[in-house]
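*Asks:* Sharing a structure below in structure tokens format, with a few things to ask.
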Amino acid sequence: MLSVRTPLATIADQQQLQLSPLKRLTLADKENTPPTLSSTRVLASKAARRIFQDSAELESKAPTNPSVEDEPLLRENPRRFVVFPIEYHDIWQMYKKAEASFWTAEEVDLSKDIQHWEALKPDERHFISHVLAFFAASDGIVNENLVERFSQEVQVTEARCFYGFQIAMENIHSEMYSLLIDTYIKDPKEREYLFNAIETMPCVKKKADWALRWIGDKEATYGERVVAFAAVEGIFFSGSFASIFWLKKRGLMPGLTFSNELISRDEGLHCDFACLMFKHLVHKPAEQRVREIITNAVRIEQEFLTEALPVKLIGMNCTLMKQYIEFVADRLMLELGFNKIFRVENPFDFMENISLEGKTNFFEKRVGEYQRMGVMSNSTENSFTLDADF
């Protein structure tokens, strides 16, 4: 004869069960409902144990985003406060390359630009001033994204170093564009209008709103936002850069065109870095999603430079400008590891030389490819020894 067991569920146990995962179970499913706990016996069946186990596992996983945990770039990194040892050498090299390219707005000579500015046609002055207004505002938007999102999300030290330096360079770009506006535009009201381009110019506002939406989008993945801001720096800037290089081809505005060389080189590096970060992602957005983001950016940039602020104002062909923007988008798609979308050729031969190393005499002016002495060199390259053979 079996002895009577004491109940497994005491009053304390029943109070504990108020917090148990079982409270979340619906009793409508009779097949999976465990026996009543108020009886003198509890059947320790596999089904009952599995219900407790599965619920506990779900509860422990709830606070963690699997996509973040699966991404080495975004995963919590307790060693992020120390630079060495370097783990991502390719990312670190990009940082050192950016560091070697440092420059300041004071190094650009604008003394000859005033005479050229006054000789320009009204349409040309209108175009240049509006492009500068867009640039002055857009660098601030890029920085907003770096400060508010990317620098906080990315846990890899080498990447955080790059983002920190990029923030400094974007500040210098914004200062340079503001200085150009301040130098060329003498009317205080017009100057104020240009400095507030995001609010005063619908064509600039449209581009700014597109970028700002990505900063505030809490649903978009880091990968999608990296593509979006690669499009901002690679596509939204491309047509405007080309239009200023067109002025250089005509021998106009040496200060403006030289600063454009420096800034376009920096933005090219920032875009390359975005592509590098994209390649390091484990879970990348699908190609169709990337194509959607890129084509949206292309459409907005084409509208900006062929309708809202047409490049024909400075004598450029709007159709060729559309093609050039598509060419730049295709190049970005290849950098991201995908197929071309538009499959067009570069219509501007003068833009082919932008990536080539300049041969400018350093003592005449700093070349656009300038890098700070010794930054990219190995320590052994600058050492002095007495062991040479004579």
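Quick reminder: no glycine exception, Cβ is built from N, Cα and C everywhere.
Remember, it's a predicted structure, so these values are computed and weren't measured experimentally.
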*Asks:* Would you identify which residue of Glu158, Glu170, Glu335, Glu345 Swiss-Prot lists as part of the Fe cation 2 site it also attributes to Glu233, Glu267, His270?
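*Replies:* Record source Swiss-Prot; matching candidate: Glu170.
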*Asks:* For the Fe cation 1 site that Swiss-Prot assigns to Glu170, His173, Glu267, which of the candidates Asp139, Asp182, Asp187 is also assigned?
*Replies:* Asp139
*Asks:* Out of Thr6, Thr33, which residue gets the phosphothreonine annotation in Swiss-Prot?
*Replies:* Thr33
*Asks:* With a radius of 8 angstroms around the mean position of the C-beta atoms of Glu170, Glu233, Glu267, His270, what other residues of the same chain does the Fe cation 2 site pick up?
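*Replies:* Apart from Glu170, Glu233, Glu267, His270, the close residues are Asp139, Val142, Gln166, Met169, His173, Phe237, Asp266, Leu269, Cys271.
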*Asks:* Between Glu170 (Fe cation 1 binding site) and Tyr177 (active site), how many Å separate their Cα atoms?
*Replies:* 11
*Asks:* Between Glu267 (Fe cation 1 binding site) and Tyr177 (active site), find the distance joining the two CA atoms and give it rounded to the nearest Å.
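*Replies:* Between the Cα atoms of Glu267 (Fe cation 1 binding site) and Tyr177 (active site), the distance comes to 14 Å.
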*Asks:* What are the sequence-distant neighbours of Glu233 (Fe cation 2 binding site), meaning same chain, six or more residues apart, C-beta distance under 8 angstroms?
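*Replies:* Sequence-distant Cβ neighbours: Val142, Glu267, His270, Cys271, Ala274.
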*Asks:* Beyond Asp139, Glu170, His173, Glu267, what residues of that chain have CB atoms within 8 A of the centre of the Fe cation 1 site's CB atoms?
*Replies:* Phe135, Ser138, Val142, Asn143, Met169, Asn171, Ile172, Ser174, Glu233, Ile263, Asp266, His270
